[in-house]
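Notes follow the structure.
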């Protein structure tokens, strides 16, 4: 095998060639096309959709950053909490199994959560436009489970936030059900300084991990 020169290695790095080949191989493994060469040609013509995970602690600004990035890149924004809730309500075999855990007040296993997420990421809009998943995976077990399902993002962004700052942001959150608006008593107070409901955690579903 030929030894690559420094110039060649630099070129490969600048043009993201290793990532390109990795994505081609991942798509082939996922779709198992009958004619791989024709499949690769078609994939290159239509482009490889972006696949992004953004995770972080509560109060780290995931929702705001995800919306900004999704709008800029034109990818489908997928909230993990909404996917899990709607997945349970969809009536599929997987969702019915998840519902059996929820109805007993038990934690839905990570492998089952990853299957529900994979189903959503396999839908036509996400496949065509690419996707950005907000708030998933939430732990190492979920990361391993979703990888075993064949979902490997091109980019994983972790929003780091000190625990005391996370608590400060959550402590002062308020939600007004009359206007369906969220406020922060220090940074973005409601008109008149009053708001009926205090929200101390994101609405992501306590029954899911």
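Along the chain as shown, residues are numbered 1 onward.
Note: Cβ is positioned from N, Cα and C throughout, glycine not excepted.
It should be emphasised that the depicted structure is a prediction, and the values quoted were computed from it without experimental measurement.
Swiss-Prot annotations:
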BINDING   59, 60, 61, 62, 63, 64, 173  ATP binding site
REGION    79-108  region 'NMP'
BINDING   80, 106, 107, 108, 135, 136, 137, 138, 142  AMP binding site
REGION    172-205  region 'LID'
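This view paints the features noted in Swiss-Prot onto the structure.
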{"residue": "59", "record": "ATP binding site", "Cβ neighbours (10 Å)": "22"}
{"residue": "60", "record": "ATP binding site", "Cβ neighbours (10 Å)": "21"}
{"residue": "61", "record": "ATP binding site", "Cβ neighbours (10 Å)": "13"}
{"residue": "62", "record": "ATP binding site", "Cβ neighbours (10 Å)": "22"}
{"residue": "63", "record": "ATP binding site", "Cβ neighbours (10 Å)": "15"}
{"residue": "64", "record": "ATP binding site", "Cβ neighbours (10 Å)": "9"}
{"residue": "80", "record": "AMP binding site", "Cβ neighbours (10 Å)": "24"}
{"residue": "107", "record": "AMP binding site", "Cβ neighbours (10 Å)": "13"}
{"residue": "142", "record": "AMP binding site", "Cβ neighbours (10 Å)": "21"}
{"residue": "173", "record": "ATP binding site", "Cβ neighbours (10 Å)": "21"}
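Remark: secondary structure over the region 'NMP' (79-108) totals 21 helix, 1 strand, 8 coil, with classes taken from DSSP.
Classification of residue 60 (ATP binding site) by DSSP places it in coil, neither helical nor stranded. In this model, the region 'NMP' (79-108) carries an average pLDDT of 76. Using CA atoms as reference points, the binding-site residues 60, 61, 62, 64, 173 were checked against residue 137 (AMP binding site), and the closest is 62. Here residue 135 (AMP binding site) is positioned 12 angstrom away from residue 64 (ATP binding site), judged by their C-alpha atoms. In the three-state DSSP reading, residue 173 (ATP binding site) counts as strand.
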